[in-house]
Amino acid sequence: MKRNISMSLQRLLIILMMISFLFTSLLVPSVSATNLNTISTCLINYKVSNFSVYPTRNHAGNRYYNLLDFSIQNLRFAASSKPKPTVIIVPESKEQLVSSVLCCRQGSYEIRVRCGGHSYEGTSYVSFDGSPFVVIDLMKLDDVSVDLDSETAWVQGGATLGQTYYAISRASDVHGFSAGSCPTVGVGGHISGGGFGFLSRKYGLAADNVVDALLVDAEGRLLDRKAMGEEVFWAIRGGGGGIWGIIYAWKIRLLKVPKTVTSFIVPRPGSKRYVSQLVHKWQLVAPKLDDDFYLSISMSSASKGNIPIEINAQFSGFYLGTKTEAISILNEAFPELGVVESDCKEMSWIESTLFFSELDNVANTSDVSRLKERYFENKSYFKAKSDHVKTPISVGGIMTALDVLEKEPNGHVIFDPYGAAMQRISEEAIAFPHRKGNLFRIQYLVVWKEKDNNNIAKSNGYIEWIREFYNTMAPHVSSSPRAAYVNYMDLDLGVMDDYLMLNTSITASADHAVERARVWGEKYFLNNYDRLVKAKTKIDPLNVFRHQQGIPPMFASMPEHTYSSK
């Protein structure tokens, strides 16, 4: 009897060990020692020394995990259960960046490219297809070189928005740049998806103000605008990040700003009826305001215990001018908002970027050196979705939306106004297409903490809630297709069921990939999708740079390629 029990325990232990081994192998895609030695030797031969290999039992992993975790902004993808890269490479020059790509190719590794790590779905540092992958992290490629004579700047792909803003402000107090409000976002990915911000109604997106770029392609070539060709240059501006090659640097156009701008954040909490009426008026006003004015809304639910008590509506305003001018414009166009002089603060443009940032303790907007901080303190677990609105939503429709919002205290919804320059620029000017006819963009967001993430039912509940919110809004937003913003990536829209690896040339498979990607591609890029497929086929016919929601090439036209290293 004892012997039978002992044998049963032994079998159980063996089974548990096998399960543990299988689970671990799923997290770190299997890679042969030969492949690992190949890429390590290749990197060393190319004098790339700043890299870290996934830790084994005989290799301490502190440096690896410090590198990996530093720029993971969505903690959903930092969990031990998520796949991990075999190697993390941190190139420190364009030569090392080129070498990193060639070594990954030689070792048959998938490549993930990370700039600031703000990918909403973790696609810059996670791969879910089971293949060994490498993260090329651009954090050391963060130089910003400003040339006031030409009113341009070369910005390396690993620089953050905050570093870029700070460098511009050190060179001039009458120049700025049109991009997002979160200073730790990397410019490489942000501009690749378009890049919307407080100056976008005046000057368009970040990508609208790119005049040249340096792109490392899958063959290790460093291509400028002329060398890559106009179609590829068009595609990399708004066509999404991580799928064309690696942006070594953007050449951006500096934009004129006055020495004094006005900023305000005014809370307007109240009942659903009160907030609905304010929001209804906002959507009629904000897209039609002067080009110099930006006015957005952020809403969440306040509750006492589990009982909703009111909706918190927060209006963020930015004006390229004095507060007297700003208040005069608002009093005429939107008196219901009730903004008064004491709500407004006059400051420089660079101070406004800190004022609207998500950095902690920014009451002192004169300490703009904080914009250079690369580490984002307010990391969280989150899920987001997006929409575009073409016709005003009725008060009843807004009330319905707030009915869903009040169910989840961790939920948020943000309305960003379009119009002005966003209305005038052609939807074909760059790959980002959401222009004329769009009143505003919606971002749905739900954020939670680690204790809730450890509770599967709770974390799944947050995801279910945001999907419910999204479904509820369907009658009120764009349709055929229901448009989305690629920088707010949402894998719910669909994923590639396979990445159609390097050795396929079957037209049927190519057609399948292109049509499969159309499901999300037309939501992000509307009528620009097919043009993006052609650009992808030109610059990356082997689909080396890919992720779950990439743009596939037309494989039937693939050329033969051979690659070698030292």
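Placed from the backbone N, Cα and C atoms, the Cβ positions cover glycine too.
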Partner cysteine of Cys42 (disulphide bond, per Swiss-Prot) from Cys103, Cys104: Cys103
Other C-beta atoms that fall within 10 angstroms of the C-beta of Asn50 (N-linked glycosylation site): 16
Average pLDDT across the domain 'FAD-binding PCMH-type' (81-257), rounded to a whole number: 98
C-beta crowding around Cys42 (disulfide bond), within 10 angstroms: 20
Rounded to the nearest Å - Cα separation of Cys42 (disulfide bond) and His118 (pros-8alpha-FAD histidine): 29
Using Cα positions only, nearest of the recorded positions to Cys103 (disulfide bond) (Asn50, His118, Asn378): Asn50
Those recorded positions listed as Cys103, His118, Asn378, and which of them has the most Cβ atoms within 10 Å of its own Cβ: Cys103
Rounded distance in angstrom between the Cα atoms of Asn50 (N-linked glycosylation site) and His118 (pros-8alpha-FAD histidine): 22
